[in-house]
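J.: Encoded as structure tokens, here's the structure I'll be asking about.
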Amino acid sequence: MKMSKPTLCVLYGSQTGTAQDTAQRIARQAQRRKLQVQVLPLDSYNVANLISESLVVFVCATTGQGDPPDNMKNFWRFVFRKSLPVGSLSRLDCAILGLGDSSYPKFNFVAKKLHKRLLQLGASVLLPVGLADDQHDLGSDAVIDPWLTSFWEKVFALYPSLADVIPLRDDEPLPPTYTFHFLDDVKETTDDRLRIPTEQTVPSQSRPFPCRLVSNRRVTDVSHFQDVRHIEFDITGSSIEFAAGDVVMMRPCNASEDVEQFCQLLRLDPDARFTLRPTDHNAVPARLPQPCTVRHLMESYLDISAVPRRSFFELLSTFATNELERDKLVEFSSAAGQDELLSYCNRPRRTTLEVLADFPHTTAELKADYLLDLFPEIQPRSFSIASSLQAHPRRLQILVAVVHYKTKMYKPRKGLCSSWLASLDPAQGEVHVPLWVKKGTLKFPKEKDTPVIMVGPGTGVAPFRSALQERIAEGKYANILFFGCRSESKDFYFRSEWDEMMKAGHLTLFTAFSRDQEDKVYVQHRVRENAGLLWDLIANKSACFYIAGNAKEMPDAVCDALKEAFQKEGGVSAEDAEQMLATMERSGQLQSETWS
């Protein structure tokens with residue numbers, strides 16, 4: 001039992017912003033309990049301070065194939081150092097909350113592994129690790145809510161003096177993280193994002209390079225339901241380098257009509273300039289110029305077109321004075337109202353902007369000071385690079401499916417980044433897109449004779465185009481590609497390039513056009529049909545096998561087809577086939593890059 005009041009430190013590793021949102025929610029609960037609290041991404045925290053912290057909550061997402069998010073990679077390397085003494089964290093009380101998705105094989109891998117490591121280092125873990133699952137009917141909150149209740153019970157048991165604190169009521173607004181100071185003059189400001197950096201540094205998230213858009217071409221037939229773009233950037237002078245399997249990152253902008261509507265709803269002048277002052281020890285976001293215009297903040301920084309999270313309704317309800325609106329907002333932010341929130345918000349994919357329009361009285365009461373608390377920052381989007389520098393020097397190409405679909409909402413739903421990219425037209429004048437490159441998870445063999453088998457239906461073929469261009473330039477000709485799409489005449493990407501590679505003897509191609517005949521044919525069917533060839537390549541020539549594309553059913557179906565091939569051609573049992581696949585995965589002979 002401890003006498004004094006602890007300082008709570010909430011540290012997060014977040015890839016898409018969900019873990020950050022959860023960390024901020026925990027911090028708000030602490031503020032209501034009048035606790036001193038600090039919230040930071042793990043890589044911005046001085047990890048040497050951990051030995052002297054009293055109370056820490058770690059909120060960690062798991063990305064892709066069980067990797068830690070980008071903003072906790074340095075922390076991850078540090079905490080797994082062999083040289084750390086066994087009892088070095090014996091003074092620390094902590095709790096670990098994981099955010100994951102059980103449709104991926106390495107569900108909440110990062111949280112589980114961190115939990116184990118902190119115990120090894122002597123930390124006292126207050127409660128079992130929370131394993132939130134995006135696949136649950138009520139989403140992550142189904143685990144987070146009860147986990148938080150039990151976390152606070154443990155904290156109160158440790159620090160009995162906290163029980164005497166009268167917490168702030170849920171409907172009292174907390175102070176904003178920043179205050180806006182509007183400037184009287186309205187000056188023309190240049191767009192900071194497009195200033196070409198003078199010093200040569202490798203472009204990164206904090207310093208993207210504005211690359212010129214060279215071409216933006218639709219590659220699906222006009223009659224096809226989906227608009228897919230082949231987009232090319234000029235990377236001259238950027239010192240950007242990449243290899244097959246790497247990804248390009250960029251941050252989209254909000255549509256100008258959305259920015260206009262937002263400013264009208266909140267009665268803000270888009271041309272007004274302001275500076276931000278932190279109310280506590282927070283740093284002003286490095287991506288925002290000081291001073292900044294309201295338009296720049298809305299266009300490039302605040303995410304106003306996403307489906308809002310529950311925390312948005314929680315915060316919004318504290319500003320509501322209109323009784324009807326307040327009751328509805330309180331319901332949406334309560335545990336009991338999550339079904340209602342799902343059918344109002346998540347199922348129809350209602351955007352933040354549409355929610356604000358539905359609650360006009362509350363929206364009219366919003367003060368600018370709370371904008372950065374209410375709206376998350378626009379997160380970077382990643383795309384597999386679809387070209388190789390060997391084939392296209394000074395160029396970077398991507399393949400983008402424009403997201404556009406109907407729900408019960410009157411306006412069709414649109415993907416923020418893909419719609420923004422599709423709208424950029426270099427024929428209308430020079431267009432620059434700030435971007436940077438990140439190492440991908442797919443690694444291709446260095447040895448010249450190792451065959452490579454790639455399964456990439458739809459836009460999943462992008463990283464394999466890059467790999468084929470690179471491998472052929474290096475004289476590696478043992479390449480097999482399984483490509484699938486709906487129709488040979490409508491969405492057969494890069495067809496003429498594959499033809500040339502086949503004519504030169506550098507590629508064996510198997511295609512599956514699912515809608516061109518009565519029965520649907522998919523890539524897994526082609527894998528099954530070619531069991532003999534695949535078994536020979538994998539068992540006798542140590543071929544590497546790659547899968548890229550949508551994470552729904554395809555990756556599992558392809559793995560099942562591969563296991564059947566092992567049984568049929570190699571005469572192994574079902575268990576052994578399963579074992580072989582697991583061994584291939586561990587050694588990197590089988591790799592996949594999937595997205596939901």
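Even glycines carry a Cβ here, placed using N, Cα and C.
So TrEMBL lists these for the protein:
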{"type": "BINDING", "residues": "14-19, 61-64, 99-108, ASP134", "note": "FMN binding site"}
{"type": "BINDING", "residues": "ARG349, ARG381, SER382, PHE383, SER384, GLY415, LEU416, CYS417, SER418, TRP595", "note": "FAD binding site"}
{"type": "BINDING", "residues": "THR459, SER514, ARG515, LYS520, VAL521, TYR522, VAL523, GLN524", "note": "NADP(+) binding site"}
{"type": "DOMAIN", "residues": "8-152", "note": "domain 'Flavodoxin-like'"}
{"type": "DOMAIN", "residues": "206-445", "note": "domain 'FAD-binding FR-type'"}
J.: Between GLN524 (NADP(+) binding site) and ARG349 (FAD binding site), what is the CA-CA distance rounded to a whole number of Å?
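T.: Pair distance, Cα basis, whole Å: 32 Å.
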J.: Based on the record's binding annotation for NADP(+) (THR459, SER514, ARG515, LYS520, VAL521, TYR522, VAL523, GLN524), what whole-number value in Å is the widest Cα to Cα distance?
T.: 19
J.: If you pair up every Cα among ARG349, ARG381, SER382, PHE383, SER384, GLY415, LEU416, CYS417, SER418, TRP595, the residues annotated as binding FAD, what's the maximum separation in angstrom, rounded to an integer?
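T.: Largest Cα to Cα distance for the FAD-binding set is 26 Å.
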J.: Relative to the Cβ position of TYR104 (FMN binding site), how many further Cβ atoms are located within 10 Å?
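T.: Its Cβ has 20 other Cβ atoms within 10 Å.
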J.: Fill in the CA-CA distance, ALA61 (FMN binding site) to SER384 (FAD binding site), as an integer in Å.
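T.: Counting only the Cα atoms, the answer is 21 Å.
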J.: Can you tell which of the binding-site residues GLY64, TYR104, ARG349, SER382, SER384 lies nearest to THR459 (NADP(+) binding site) in space, using Cα positions?
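T.: Comparing Cα positions, the candidate nearest THR459 (NADP(+) binding site) turns out to be SER384.
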J.: Looking at the domain 'Flavodoxin-like' (8-152) alone, can you tell me the average pLDDT?
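T.: Mean pLDDT, the domain 'Flavodoxin-like' (8-152): 90.
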J.: Check each residue in the chain of SER384 (FAD binding site) that is at least six apart in sequence and keep those whose C-beta is under 8 Å from its C-beta; list them in sequence order.
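T.: The answer is GLY245, VAL247, ILE398, LEU399, GLY440, ALA462, PRO463, SER466, ALA548, GLU593.
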J.: Measuring Cα to Cα, how far is VAL523 (NADP(+) binding site) from ASP101 (FMN binding site) in Å?
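T.: Between the alpha carbons of VAL523 (NADP(+) binding site) and ASP101 (FMN binding site) there are 25 Å.
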